[in-house]
């Protein structure tokens, strides 16, 4: 359990905790990033690039229609190691861009910000350092609730002064690209702040690399992006799908964030007995979120989804031919062909062909008494009903 505690900020309450028979306090993993950092520290790995698809668990309120569950898959991609600024960070964004484009999920935007810029904003707005992280968690809600609600939470629950909250409001509602970075670099207050200055310098570099990659059209530098997790130290990003107006669906389905990530340079050091740090940057993609959109897409288009990879169904037209089916399917399996048959002794041919239609199996290999006598198999194309003997 202590592996997970103190890494997630407010989200710690969403971790599943359990006790084993010996009374040891355990927890189910909340993401793939913390286990990855622990793995690097345990194995003294200072340099690695990897992807990982696995389940994580959150004690959240599920929302099935939006693809939000308590047990779900994430696909993570991370680059760990000491490199020159923003080169791996740009690659992570390139990968998110590539995946979301290839999946053809519709229009999306990748919001980018930097924890250092955000902390700089908090500092120049008069927020004490001890309240940076709580303020971050609150700003993170801006994509779901209006600024008024965020402001009242800052003042009411997080104990920020109304003046500080108003000053923060002027910044966190800004979004743009290189032009905005330039403007903030000229900001008299922000440019005096060491953290913000570093963050803005790196952000400029990042946008230069993203321009070379040719993906800035989908990237937005967005000061409201905070990401609620404690372990981010630099660049943070989140990919959001933009709602398609769809005439079939009365109620537009908002899925919101489908991928998120950022730089977490301090996490590996938390697990290293000597506190040795390994800089890391990574991104996590929500698999179920994407599935729920793809499923809605298919439903709306009326397309039929094929749920099996079976290439051929082994079928028989008469009774007492189970042995012939077993013999043929065994040969097909041994040859690496994906084959199925109905688990009945004497199924009717019509039923077998109907099964092919229902599941989208393209071919039926039919062996009847005549075929056995002739030493052939009748291969039937289920869609066109053409048959060849072979």
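Keep in mind that glycine also has a Cβ here, set from the backbone N, Cα and C atoms.
Nobody curates TrEMBL annotations by hand; they come from automatic prediction.
Quick look at what TrEMBL annotates:
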BINDING   31, 32, 33, 58, 74, 78, 227, 231, 232  L-histidine binding site
DOMAIN    51-317  domain 'Aminoacyl-transfer RNA synthetases class-II family profile'
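Our reading of the L-histidine binding annotation (31, 32, 33, 58, 74, 78, 227, 231, 232) yields a largest Cα to Cα distance of 21 angstrom. Counted over every protein chain shown, other Cβ atoms within 10 Å are most numerous around 33 among the binding-site residues 33, 74.
Within the model, the domain 'Aminoacyl-transfer RNA synthetases class-II family profile' (51-317) shows a mean pLDDT value of 88, rounded to a whole number.
Spatially close to residue 227 (L-histidine binding site) yet at least six residues away along the chain are 136, 140, 236, 238, 260, 262, judged by Cβ distances under 8 angstroms. For residue 31 (L-histidine binding site), the number of other Cβ atoms no farther than 10 Å from its own Cβ, over all displayed protein chains, is 21. A 10 Å cutoff on Cβ-Cβ distances gives residue 232 (L-histidine binding site) a total of 27 other Cβ atoms nearby, all chains included.
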